[in-house]
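Student: Dumping what TrEMBL says about this protein:
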type	residues	note
BINDING	L6, G7, G8, G9, N10, M11, A67, V68, K69, P70	NADP(+) binding site
DOMAIN	2-95	domain 'Pyrroline-5-carboxylate reductase catalytic N-terminal'
DOMAIN	159-263	domain 'Pyrroline-5-carboxylate reductase dimerisation'
Amino acid sequence: MKILFLGGGNMANALIGGMVKQGFTAADIHVIDPGSEARERLSASYAVNCHADAKTAPSAPDILVLAVKPQQMQEAVAPLAGKLGDALVVSIAAGLGMAALSRWLGGHRRIVRCMPNTPALIGAGITGLCALPEVDAAGKAAADRVLRAVGNTVWIADEAQMDGVTAISGSGPAYVFLFIEALQQAAAELGFTPEQGRQLAIETVQGAAALAAASDEPASLLRERVTSKGGTTAAALDAMAAHGVKDGIVAGCLAAEARGRELGKLLGGE
Ligand SMILES: NC(=O)C1=CN([C@@H]2O[C@H](COP(=O)(O)OP(=O)(O)OC[C@H]3O[C@@H](n4cnc5c(N)ncnc54)[C@H](OP(=O)(O)O)[C@@H]3O)[C@@H](O)[C@H]2O)C=CC1
Ligand SMILES: O=C(O)[C@@H]1CCC=N1
């Protein structure tokens with residue numbers, strides 16, 4: 001099974017690292033990236049085959065993973081159009097619809113669109129996936145196996161919801177990191193050292209996420225359990241509500257979804 005990556009940046013590194021760990025054979029993985037640094041990093045880390053362009057790469061791989069920026073995609077896939085045989089194309093590009101991608105690939109229809117996230121780097125990713133109707137069960141299973149190498153997967157029936165997946169889990173780690181930054185800033189203002197602030201903030205987020213994952217109860221109930229009447233948490237939540245924290249997060253997610261749709265249109269979608 002030959003797997004070709006187009007683009008060898010952050011997400012390709014995360015996926016390839018996970019795949020090699022899960023027993024995919026490095027010799028069967030090829031990467032095209034014009035950047036010599038990107039290629040050196042990948043071949044040094046995982047001993048995969050790296051190519052500066054499509055000329056030396058396998059022309060009809062079993063799986064082609066598209067891991068360039070959405071804005072780079074049309075130009076990047078042009079050399080591959082019409083030459084893919086029945087390769088399964090797995091795109092991780094935000095916003096880019098499968099109809100536009102299919103056109104750019106000369107009418108290729110075996111396409112799966114995915115949205116992973118950066119915790120994939122440590123095998124803790126969550127990926128939403130969606131396929132064109134022409135992709136059979138074996139094709140979906142193959143895409144699922146690639147993305148499961150770096151975390152869990154959720155299949156989405158309606159492609160229109162993929163921008164929503166991007167808004168919640170694709171971009172989501174950035175919101176959580178912002179929250180951690182805010183906790184660390186507050187810790188610094190309260191006189192803790194950076195190391196103390198880091199430990200208190202990160203282990204709180206880790207512990208709360210683990211508790212939410214382990215519990216059948218909704219997050220709102222877990223929150224209420226922390227919140228004693230007239231206590232410190234109530235004071236904090238009141239101040240956060242006055243600053244619109246929760247509404248701001250919801251508005252941010254909706255803005256991410258809207259930007260995904262906008263990118264899709266700019267990139268040639270309907
Ligand atoms: N980062 C994230 O959290 C997530 C990203 N994604 C999606 O993953 C995709 C990749 O993102 P990310 O890994 O962060 O981006 P990167 O910029 O890190 O990686 C893209 C790589 O592709 C290279 N490249 C540019 N043009 C070509 C070409 N013609 N042929 C082959 N390679 C090329 C780039 O080189 P150079 O730098 O020299 O241009 C770069 O090394 C994007 O479409 C993004 O929407 C999806 C989920 C999460
Ligand atoms: O910000 C972006 O566009 C990409 C997609 C999801 C996460 N990063």
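Placement of Cβ uses the backbone N, Cα and C atoms for every residue, glycine included.
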Student: Which three-state DSSP class does G8 (NADP(+) binding site) fall into?
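Tutor: For G8 (NADP(+) binding site) - judged by DSSP and reduced to three states - the answer is coil.
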Student: Including all protein chains shown, what's the count of other C-beta atoms within 10 A of the C-beta of L6 (NADP(+) binding site)?
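Tutor: I get 24 for this one.
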Student: Taking the residues the record says bind NADP(+) (L6, G7, G8, G9, N10, M11, A67, V68, K69, P70), how far apart in Å are the two Cα atoms that sit farthest from each other?
Tutor: 14
Student: Over the domain 'Pyrroline-5-carboxylate reductase dimerisation' (159-263), what does the predicted model average in pLDDT?
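Tutor: For the domain 'Pyrroline-5-carboxylate reductase dimerisation' (159-263), the model's average pLDDT rounds to 98.
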Student: Quick check on the binding-site residues: of G8, N10, whose CB has the lowest count of neighbouring CB atoms inside 10 Å?
Tutor: N10
Student: Long-range neighbours only, meaning 6 or more apart in sequence with Cβ under 8 Å: which ones does A67 (NADP(+) binding site) have?
Tutor: F5, L6, G7, G8, G9, M11, A12, L15, I92, A93
